[in-house]
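S.K.: The domain 'ARMC9 CTLH-like' annotation in TrEMBL covers 47-171. Taken from TrEMBL, the feature region 'Disordered' covers 260-291, 355-384. Taken from TrEMBL, the feature compositional bias 'Low complexity' covers 361-378. Positions annotated as repeat 'WD' by TrEMBL: 545-586, 587-620.
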Amino acid sequence: MGTAVERTDEHVREYLIYRGFTNTLKHLDNDIKADKEKGFRVDKIIDQLQQFVQSFDLAGLKEYWLYLDKRLFSRLEDVYRSTVNKLRISLYRYYIINTVQVSPRNLEKTQEFFQKQASELQGQAEWRDWFILPFISSPEQNPAFCQYFSRQWSDTFLVSLHNFLSVLFQCMHILDFDAEVQKMTCLVEENEQLRQLLFALQTESRDQRDRDEMIHHKLPTYVQNMDRLGDTELDLVTSQRAVSTATTPTRNFFSTFLPQGRRTPGKPLQAISGSSPSQAAMGRKDPPSNQICNKSDALSLTLPVEVKVSYVQTVLRVFNLHFELVFSVVYARRQEFFVLVSPFMCYLQTPEKKGELGEVEPPTESSSEPTDSSNSRSCGAGQEEPPFIKLSQEEYGEHHSSIMHCRVDCSGRRVASLDVDGVIKVWSFNPIMQTKATIMSKSPLMSLEWATKPDRLLLLGSGVGTVRLYDTEAKKNLYEMNIDEAHPRILSLACSPSGSSFVCSAAAHSRSGSGESAPRLPITVSGQLLLWDTKTVKQQLQFSLEPEPVAINCTAFNHNGNLLVTGAADGVIRLFDMQRYESAMSWRAHDGEVYSVEFSYDENTVFSIGEDGKFIQWNIHRCGVKQSEQILPQDATGPFVLSGYSGYKQVQVPRGRLFTFDSEGQHVLTCSSSGGLIYRLASGESALERVLSLGGHKAPVVTVDWCSAVDCGTCLTASMDGKIKLSTLLAQKS
């Protein structure tokens, strides 16, 4: 019952916040605080009764019990009236025993009870012997009263009262959400099963339709009986054999797609016994698989040039149909798909599309230099498969200045991006890329963060000491909170996983450091770390920052919100216990500022990137102990530099997230000068192993985010030219 009431209160609060009824929300909070039924929470009702007993407030005790009797007990059947009467008598005796135990020599409260209750109790047989209690010197030793002074009797009474109220609230069925929740859960599961069945039927129907289209495709007569890119054709392409006549060397038709340097000299044509060249060209007789190469070579020799071109175009059209068919069922047969397509992907890419599988062209015959590991895996049939395949890359280009923050919400449906001009775009990418809202701010904005519950709300931190709560669906501001005029720059925002509160980092205006010739030291900028309540929109507390108040650049919660890690301008990482609201540990992590911090997947370690260009993994169970350390290039850690014509140079200090992990915590996405880089996390000295370059950018990438769902993940990389690349990855399960 108590859970249902709390849930209803939360729904009412969300509705009032959504409608902007702030005054009604304040009255609701005040009424909830003054609620005598305590939200039907039995433990709180028991605590209230004990508080009246311990403070000797007899009038309050009688009034509260009378309220419960009129509100709850009077609605019970007559058979339960005796139980209610026994509990009331025991409650009064519990009060009397407490007055005697607290002041055994001063029995004023005991005598006061009998004086006020004499008219009510003197006619009741249960109280006949209790009127002599104030006149007994040691009532705890009297056989008639000794049992009431024992701890066992008081505990038994409180447990009995607790159980009675619990059963009463469970039988009321005022707000019975459990049955509805169970019903909705069953409906959701049934809907999911039906959706999967529908998807399977649609896939089967599409496959059948594609097969029918392939069967009835109007191919020329000389290729109607040939395999549609079956195993024999794949063997033909893989072998890349070429034939030559006795006088002039020729090549098979697939060699026409290769660059001049990749073409191999032909071999003499071997005669095909039992078949004429015309039969081989017409394809009326299916030869063995080991003779398919010779048949195609004969075709290239006997047919005219325009016929061969038409033949090649037709086969490529069939190949495209086959490729789309395989791609549609890539989740079920991605391993077979990779083996089928990977030998030819290096040669079928156009110059514009090169890099989608690895950023580097396949090696030529004259080149023996080693390529990137991701490319060698993607083009090598016998080597280890890459952990990800880049399926597509789209661009969001609605911003006209450098991006500061780019974050996807918890549900993976919306993205919020902020540029240096203070323009915020809220957009979706599934099923199509579409802008949902545009937020223009008169004051400069410095930080943003999605709220966790509900996920449609967006926290916006400004440079004038305010934080706004924005509803992306209603497209309006719900609240604007004034933080601190002395610390106007809101550098970082982090919402707790429960959604009940958020952490705000406020800093004073930055001070210029020493000259470039002097050694770089952390510049101490005054700052505050505050905890705000999302529902009441009030500040709960201010965290203590030791040894001195300093600007906090980055913050991150763990999965349940019990821990908070921060990185500061003094190079110190601080770990806070959010149950006690105090610092659990802190250590000097970097030479210079800490730009970005995140918990690892198992939350036993913390990763950080600092101004010194280091990517370090820290053990949170052993303060200040490194588990791994890696030096990253400057284009991954900042400050980021964009150069142009006539000496133009733009420098941007890191503000957004510099690295992020996949759903399993085994790979990390970082920034680079031309796109995101994905590394595999490894143990030992070499903590990072590069596996894939996303590419696609012409300006330095300044912030990244990774939204993972099952096998497909979406990587967001935002650069200084205002472009945001959305790369869809397919995870290869080993």
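We number each residue from 1, going along the chain as drawn.
Heads up, the Cβ atoms here are built off N, Cα and C, so glycines get one too.
Mind mapping these onto the model and telling me what they sit next to?
M.R.: The average pLDDT computed for the domain 'ARMC9 CTLH-like' (47-171) is 83.
The list of residues near the repeat 'WD' (545-586) in space but at least 6 beyond its ends in sequence, with Cβ under 8 angstroms from a Cβ of it, reads 489, 491-498, 503, 505, 507-508, 522-529, 531, 592-599, 603, 606, 608, 610-611, 618, 620, 623.
Within its own chain, the repeat 'WD' (587-620) has Cβ neighbours under 8 Å at 520, 522, 553-556, 558-559, 563, 565-573, 575, 626-634, 636-638, 654, 657-661, 664-666, 668, 670, 687-688, counting only residues six or more beyond its boundaries.
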